[in-house]
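Listed in TrEMBL for this protein:
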- 49-70: transmembrane segment (TRANSMEM)
- 90-109: transmembrane segment (TRANSMEM)
- 121-139: transmembrane segment (TRANSMEM)
- 146-166: transmembrane segment (TRANSMEM)
- 178-198: transmembrane segment (TRANSMEM)
- 218-235: transmembrane segment (TRANSMEM)
- 263-283: transmembrane segment (TRANSMEM)
- 295-314: transmembrane segment (TRANSMEM)
- 320-338: transmembrane segment (TRANSMEM)
Amino acid sequence: MAWTKYQLFLAGLMLTTGSINTLSAKWADMFRAKGCGENAEEHNFSHPFLQAVGMFLGEFCCLAVFYLLLCQDRRRPIPQMNPGQSFNPLLFFPPAMCDMTATSIMYVALNMTSASSFQMLRGAVIIFTGLLSVAFLGRKLAASQWVGIFITILGLVVVGLADFVSGNRDDSHKLSDVITGDLLIIMAQIIAAVQMVLEEKFVYKHDVHPLRAVGTEGFFGFFVLSFLLIPMYFIPVGSFSDNPRQVLEDALDAFCQIGHKPLIILALLGNTVSIAFFNFAGISVTKEISATTRMVLDSLRTLVIWVVSLALGWEHFHGLQVLGFVILLVGTALYNGLHRPIIARIPCCAAFAGEEEQSSEEERERLVNGDIRD
């Protein structure tokens, strides 16, 4: 089925802002500045949980934009905006908590590994999204999707091997940090997959406007995580933390570093603004197309991040990463049915491709009608 201009716009917006999001977060991690106190020494800007608060602030802003657009639309003689059905906002509390947990873990991992490996390993979310969709959305995966999952697993192994090899000759990251970061990223993808399945279920069933959905999640995530910054200030974690006090998060140290090097705020603002547009585009793609298409676009931005990181000298070129990236793309393409147009051109296989497409449309109709396993 051909995409509309609006769907293409959403895809392009998600790809662009998603790339900016990861690059700006990594840029912030690369700054060094003095902390609090006259005798404070320069140290890395390592504040993953504060960065996650900024991400949720960007999402929260979407809620204000939603109501502004709604008020403007209601002043028209004939309103055109569909605000969606009424729903209990607490429905989005579980996916917001999943988002908060997964994002915080990934920001911690981003300090330990490269931006390109970070983005490639996030492809693991396809594996867990597919399995959870079977369990909770009642989906039936086609043979090509199972093959895509196994190929994706192979790609993750190759990327992990590339990090292992490069970790032995790259002084920017210790080998132990690289391995720990990679494992944290994969663990976060399990939580992110739960978030995606919950979002797809609620968005389809309740016809929630994308801006309202993103803003509601941002509201919960922003206030919950902001409150958690208080106990994090007093929780010692030893060498696991890079801040001078070696606590889980030192927000005061972050503000002092920003005061000594104001350019940090530019990276943080880039992260906040880009995540607002990225999540709006992402959840719109979930509604207009599917959650798995959202995963495809999320994988494609890996190439953009990788090229920019190489151009800026943030990391070195490794041939195994190329192989891993190609394998991941093949697995993603198979899982999401990108092979169907090619198969449809082959006379003997056209019927098979049509059956897969019809099955996909029936599944989408079932989800829209609310026939979802609780």
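Here, residue 1 is simply the first one shown, and the rest follow in order.
Just so it is clear, glycine is given a Cβ too, placed from its N, Cα and C backbone atoms.
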Same-chain residues at least 6 beyond the ends of the transmembrane segment (263-283) whose Cβ lies under 8 Å from its Cβ atoms: 10-11, 13-14, 17-18, 20-21, 24-25, 27-28, 31, 33, 45, 51, 54-55, 57-59, 61-62, 199, 203, 210-211, 213-214, 217-218, 257, 294, 297-298
Candidates 90-109, 121-139, 146-166, 320-338; stretch with most C-beta pairs under 8 Å toward the transmembrane segment (218-235): 90-109
Stretch in 49-70, 90-109, 121-139 most in contact with the transmembrane segment (320-338), if contact is a CB pair under 8 A: 121-139
